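TrEMBL lists 7-166 with the feature domain 'Diphosphomevalonate decarboxylase-like N-terminal'. According to TrEMBL, the domain 'Mvd1 C-terminal' annotation covers 179-307.
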Ligand code: ADP
Ligand code: DP6
Ligand code: CO
């Protein structure tokens, strides 16, 4: 009745933004991402017969019963309990080795690792697509972190959401890319991804026009990935990112995740590209900028980004593996 799993966050190259069903957490459109090795979440789930409610420890701190983060984990664990033939409460101990709730996709690695640990501890063995659809219930982006490398989230068309899961496009070995995460501030963001996207879809006149571009962008990004066409992938990724942020900024009141350093990084990356470097950027719901380059350009890209005063940290990620269980003897060692 115990299992430990780890998962990596992922960065969307074609963004997910908007829900068509908030209970089942169904997206308005598909999305596409790269799983990022180098950052990870490790989660242990233990079902215990000696506790009378779920216990959640995140980054070393026990979460308060009424808190949003606690509630989110408990609701997820309840979904798993409903599918299994036990009704024990769970002790969930999880930690991210990168900033939580800051725009670095902690909800993606967090719920991918929790989906795998909570089902395994309950003795459930799900297919990848089932695990992905389950992870989606916790956080839409988590559906993609089940897989290594590039993954596509399918919008699906069923009302019950059983066809809204991610599928793999190409494994981590397919393309030797690097993603340099330029961290621009410390601390949590003011507006969670969930809140930001709901406000955007409810009040931004730019939301629907942007959402209508997603299916075409997924086709183009997939072709670019298969052909390892860096320039083509960069073009789609930057326009998907800027379009998503433009739609968010046009909400009422506007949702702005950027700070001055974010904008400086955008211009710096574009200037480096004009000067001949192979680079492109993307930004999730937060102020940090993720800069992609072929592995051979890494040191040049690092030195460009390192010169910017507002950048507090550079984290180098590479295509990572999908969510996996950690062997019990490795945990106890
Ligand atoms: P991010 O950009 O980090 O994904 P979100 O606003 O999407 O930000 O989600 C952050 C929330 O995800 C946290 O406030 C918390 O509720 C949840 N979360 C983050 N890490 C974990 C984890 N390891 N296990 C469970 N839930 C997590
Ligand atoms: C901008 O998956 O965090 O990073 O489903 O409400 O948990 P919830 O949202 P979440 O949103 C991610 C938004 C994004 C784009 C992306 O990852 O595709
Ligand atoms: Co998130």
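Every residue, even glycine, has its Cβ placed from backbone N, Cα and C.
Predicted automatically and left uncurated, TrEMBL annotations should be read as such.
Across the domain 'Mvd1 C-terminal' (179-307), DSSP classifies residues as 76 helix, 14 strand, 39 coil.
When averaged over the domain 'Diphosphomevalonate decarboxylase-like N-terminal' (7-166), pLDDT in the model lands at 97.
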